[in-house]
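Asker: Please read through the structure below; I'll follow up with questions.
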Amino acid sequence: MDISTTTDVPPPAAQRPVAEHKRAARGATRPGDRIFLGLSRGSGILLLVIMGAIAVFLTYRACLAISKDHGNFLTTFEWNTNLQPATFGIAVLAFGTIVSSVVAMAIAVPVAVAIALFITHYAPRRMSGPVAYVVDLLAAVPSIVYGLWGALVLVPHMNGLYGWLDDFFGWTGVFSWDQGAPRSMLTVGILLAIMILPIITNVSREVFRQVPRMHEEAALALGATRWEVVRMAVLPFGRSGVISASMLGLGRALGETMAVATVLSPSFDIQASLLNPGGGTFAQNIASKFSEADEFGRDALIASGLVLFVITLVVNGAARLIIARRAEYSGANA
Amino acid sequence: MSTAAVTDKRPSTLRAASLPRWTPWAIAAGSLVLGIGISLAAGLDSHIQWGLIAAVLFVLGTYGVAARVEGRRQAKDRVATSLVWVAFLLAVVPLISLIWVTAARGVKVLDLHFLTHSMGVVADTEAGGGIYHAIIGSLEQVGLATLIGAPIGVLTAIYLVEYGRGRLAKAVTFFVDVMTGIPSIVAGLFILSLMLIFEMQPFGFAGSLALAILMMPVVVRSTEEMLKLVPNELREASLALGVPKWRTILKVVLPTSIGGITTGVMLAVARIAGETAPVLLLVFGNPFINNNPFEGAQASLPLYIYQQFANSAGSGAAYDRAWAASLTLIAFVMILNLVARGIARWKAPRTGR
């Protein structure tokens, strides 16, 4: 009896503040509060509406185009929207987009991680601040400037590297070269790598900074060399952060337009070699075909843009989910 | 970092044999000489190959020497250190080249005439002309985009930080993150699909709408971070005095974080000012001066650079103009960045203590 009363007493006392708190939180009783909450919640909803509208309108216009496509939208190796009947397909674009992004990632991720390590763990302290600052600023250089630089400076400098790759690795087929202008997927990949480097570096750097000092000092106390500290304490902690940073970079590389449009000399076929010009990417194809496209042609370009939208959505969503999962873990680490 | 200091302070009696400090430099010099020697002997003419051979020799040499004197683990450490340095130098080269070339080629035609004249009477292959029309277009489009994007972004961030609980807030957070990654050309295609439906011709404001879409998630993200930095005690003190929540936000939270918010907005402006793809689709470009963003095609700086590059059939005059416009654009973006960071440092919220 006694016990039951003592156990009965606490709940109402604990519930009362909660109820009051709820009323206070809900209590947009003043008109000013109601208006302000409405405005800010409205903006949030507007963002969701915009995302939905992008998906809906792109799909609508894309359906108009695809329904009149004489070829297969996914497998056709052509882009003829001015002919009757129109034939177009995204096979070449999907291939080119993936290849250029993979090349870019293969180059950018190791270098970006190394630079992030350089800034956080290797550089002399007086140097790391300015280096980080410069990398920050480089993330702000517009893509069209990278494109101009790539086309007028990088491309002429690629001949030596191309000849060398052809000499030593030409037998693989991937690196064979027909002595054409080096406006090919490899150059595009290298340029994209340079462009996404600052993004990946910045995010990785932040993650490496958050490595608990205790972990590093424990490793040092056990006699680890600096590289062993990095390998055993820093990289495992930062792995998921680096993965999501890379996926953010990948998202950028997939959707990059101007840098590809200025450097690549496009054609609607698939090149087995990275060194021979040809191929195309979604964004580059939209930019270069747009000016001569009629309304139907624009719808077809919108259809290819929809595919790009879905791909980047998946990549970015995955990156965010990885970050979210990491946040749960880092709570346990703290 | 202090790791280096720790290593240096270790008493030398407890240390195994170690290489003198000048070793890396000596190995670097040696491998460079050897690399050049081998390249000359083999008749290689590309300097990239010389560098690569020297780099490989350097890594192998470091590993060999260090493994013999200091042991495997130290050798690996040295190789990792040199690889990190090489990666850093490798990345710095193109970036310095980019800035250097833009500056060196840009100053050729960049003068007052260039800034105050349009391309109206100048063919793309001729010398002369300027970017006045492009500057007007850029300023108007980016300005309008900021007027739309910044308030919506800041309000959304306020909702997420001050009110947001439950499913709606989670959905908004997730989609803001995803929206950050939308390619600019897709935002352009979205507005384009609307224009096709309503049968409209290209005009400046259409570009602003696409730019605003690109701007919003960036502003939300940075503003959110800034609002989270405002100490809860400030909000509680204000609420305890009976101040309504909306006035607390307007009079206490926002003034405290205004520096950071301004920085975020300026960085977002700097980002959209360089966007070419949506402008190419929606504003179309125009060699003449058009002051009205709501009617008729306009120019913009990034689009001008692209068109000078693409439509000029390799004419030197057009390339010079493209570089000069690039220099102007980079200068604009960098100044925005520097000012934004200055404001951030000056107005940084003094949290706690």
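Cβ atoms are placed via backbone N, Cα and C, with glycine included.
Whatever TrEMBL says is automated annotation, not expert-curated.
If you look up TrEMBL, you'll see B:135-340 marked as domain 'ABC transmembrane type-1'. Residues annotated as transmembrane segment in TrEMBL: B:22-42, B:48-67, B:79-103, B:142-161, B:173-197, B:203-220, B:252-273, B:322-344.
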Asker: Give residue numbers and ranges for long-range contacts of the transmembrane segment (B:22-42): same chain, 6 or more residues beyond its ends, CB-CB under 8 A.
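Answerer: Cβ under 8 Å, 6 or more out: 49-51, 53-55, 57-58, 61-62, 65-66, 78, 82.
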Asker: So, does the transmembrane segment (B:79-103) come close enough to the transmembrane segment (B:252-273) to give 3+ Cβ pairs below 8 Å, pairs being at least 6 apart in sequence?
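Answerer: With fewer than 3 qualifying Cβ pairs, these stretches do not touch.
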Asker: Counting Cβ pairs under 8 Å that sit 6 or more residues apart, are there three or more between the transmembrane segment (B:142-161) and the transmembrane segment (B:203-220)?
Answerer: yes
